[in-house]
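Okay, structure first, notes after.
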Amino acid sequence: MARFDIVLLIGLCLIISVFPDTTTAQLSRGFYSKTCPNVEQIVRNAVQKKIKKTFVAVPATLRLFFHDCFVNGCDASVMIQSTPKNKAEKDHPDNISLAGDGFDVVIQAKKALDSNPSCRNKVSCADILTLATRDVVVAAGGPSYEVELGRFDGLVSTASSVEGNLPGPSDNVDKLNALFTKNKLTQEDMIALSAAHTLGFAHCGKVFKRIHKFNGINSVDPTLNKAYAIELQKACPKNVDPRIAINMDPVTPKTFDNTYFKNLQQGKGLFTSDQVLFTDGRSRPTVNAWASNSTAFNRAFVIAMTKLGRVGVKNSSNGNIRRDCGAFN
């Protein structure tokens, strides 16, 4: 499990603190120190219980956090269930594949918090998701880091708001940079956060074109490692159920590490949006650097996750603390 020494942790705190933002001024590491002082331990225990039941909870929670923050900010709006009068974010086609185990991590942590009288209805679902995301990263061997707290839960969740706001598996670096820039994230942040694909799985439907019908000249994307392409074709043959799952990282799918970048160097990025990070000269130097230096990657990932957690934060004037993470109060 990755560990940072004290000097590195202090350095990260200093780097992160130099980016004050009026929209995130309310965030602090001790936000619940008086109202729910054991919030982190309670959430961590709930996360660990869930992971013991299924490892899917790890990548599912990490992906859920990203999808939440990139659509109207980190406000747990992705948790909201649709109603006859409103189609919520989670039911947009780009979110349909979000695994239920990620949602359940938040639900179980919320139950654990509410069973503590001093914490009942004190901690936002947005903060629960943020804490749980850090905890699943650590559980998979990734870096531990301090989490800023104080988010309020969003009051709006619509499927239409998702459209065009999430990266796609065929995106190039220009498209990726544009999406991340919109959320005040740099190219380096984008590359670091893309490495979340070191965990979990994707569905055959997302890679079918790349391995069977790439274009009029090549049936297989020529940037794919040939042996890896054959493996993918065997796992996802023509006419296969598009819901069949395949590992994002063919080498260490259950470990958070920098193998993701080593895979890209070998042409083993599952999505086009992964492999372009190596084939594009603008991002290749960073991929090469982090492939050979896990400490540098971990440092960049912590910074990127902290910045991501500041996107679109709600306060008491445009948010609240939900009693049920899946429904508005």
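Please read every residue number as a count from 1 along the shown chain.
Positions of Cβ are set from backbone N, Cα and C atoms, glycine also.
Here Swiss-Prot flags 1-25 as signal peptide.
Sequence-distant contacts of Cys36 (disulfide bond), defined as residues of its own chain at least six apart whose C-beta falls under 8 angstroms from its C-beta, comprise Ile42, Leu113, Asn116, Ser118, Cys119, Lys122, Val123. Feature annotation from Swiss-Prot assigns disulfide bond to Cys36-Cys119 (among others); the stated evidence is sequence analysis.
The annotation site 'Transition state stabilizer' is assigned in Swiss-Prot to Arg63. The Cβ of Arg63 (site 'Transition state stabilizer') has Leu98, Ala99, Gly102, Ala196, Gly200 as same-chain neighbours under 8 Å, each 6 or more residues away in sequence. Annotation note: Arg63 (site 'Transition state stabilizer') sits in a helical segment as assigned by DSSP.
Cβ neighbour count for His67 (active site, proton acceptor) (all protein chains, 10 Å cutoff from its Cβ): 22. Feature annotation from Swiss-Prot assigns active site, proton acceptor to His67; the stated evidence is sequence analysis.
Annotation source Swiss-Prot lists Ca(2+) 1 binding site at Asp68, Val71, Gly73, Asp75, Ser77. Residue environment of Gly73 (Ca(2+) 1 binding site) contains 22 other Cβ atoms, counted within 10 Å of its Cβ in all protein chains.
The disulfide bond annotation in Swiss-Prot covers Cys69-Cys74 (among others). Neighbours of Cys74 (disulfide bond), defined as other CB atoms within 10 A of its CB across all chains, total 30.
Within the same chain, residues at least six positions away from Cys125 (disulfide bond) with a Cβ under 8 Å of its Cβ are Ala76, Met79, Val106, Lys110, Asp153, Arg322, Cys325. What Swiss-Prot lists as disulfide bond is Cys125-Cys325 (among others).
Residue environment of Pro167 (substrate binding site) contains 19 other Cβ atoms, counted within 10 Å of its Cβ in all protein chains. If you look up Swiss-Prot, you'll see Pro167 marked as substrate binding site.
Around His197 (heme b binding site), a 10 Å sphere centred on its CB holds 24 further CB atoms from the protein chains shown. Marked as heme b binding site by Swiss-Prot on the basis of sequence analysis: His197.
A coil conformation is recorded for Asp257 (Ca(2+) 2 binding site) in the three-state DSSP classification, outside any helix or strand. Under the heading Ca(2+) 2 binding site, Swiss-Prot lists Thr198, Asp249, Thr252, Asp257.
Within 10 Å of the C-beta atom of Cys204 (disulfide bond) sit 19 other C-beta atoms, taking all shown protein chains into account. When secondary structure is read from DSSP and collapsed to three states, Cys204 (disulfide bond) falls in the helix class. Marked as disulfide bond by Swiss-Prot: Cys204-Cys236 (among others).
Positions annotated as N-linked glycosylation site by Swiss-Prot, on the basis of sequence analysis: Asn293 (among others). The Cβ of Asn293 (N-linked glycosylation site) has 14 other Cβ atoms within 10 Å, all protein chains considered.
According to Swiss-Prot, the N-linked glycosylation site annotation covers Asn315 (among others), on the basis of sequence analysis. On its own chain, Asn315 (N-linked glycosylation site) has Gln26, Phe152 as residues at least 6 apart in sequence with a Cβ closer than 8 Å to its own Cβ.
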Lowest local Cβ density among Asp68, Asp75, Asp249, Asp257, which the record lists as binding-site residues, within 10 Å: Asp257
Most crowded position, judged by CB atoms within 10 A, among Ser77, Thr198, Thr252 as binding-site residues: Ser77
Additional residues surrounding Ca(2+) 1, by Cβ distance to the Asp68, Val71, Gly73, Asp75, Ser77 centre under 8 Å: Cys69, Phe70, Asn72, Cys74, Ala76, Val78, Glu89, Ala126, Gly154, Ser157, Gly312
Residues close to Ca(2+) 2 site centre defined by Thr198, Asp249, Thr252, Asp257, Cβ within 8 Å: Leu199, Val251, Pro253, Lys254, Thr255, Phe256, Asn258, Thr259, Tyr260, Asn263
Candidate with sparsest Cβ neighbourhood (10 Å radius) among Cys119, Cys236, the listed disulfide-bonded residues: Cys119
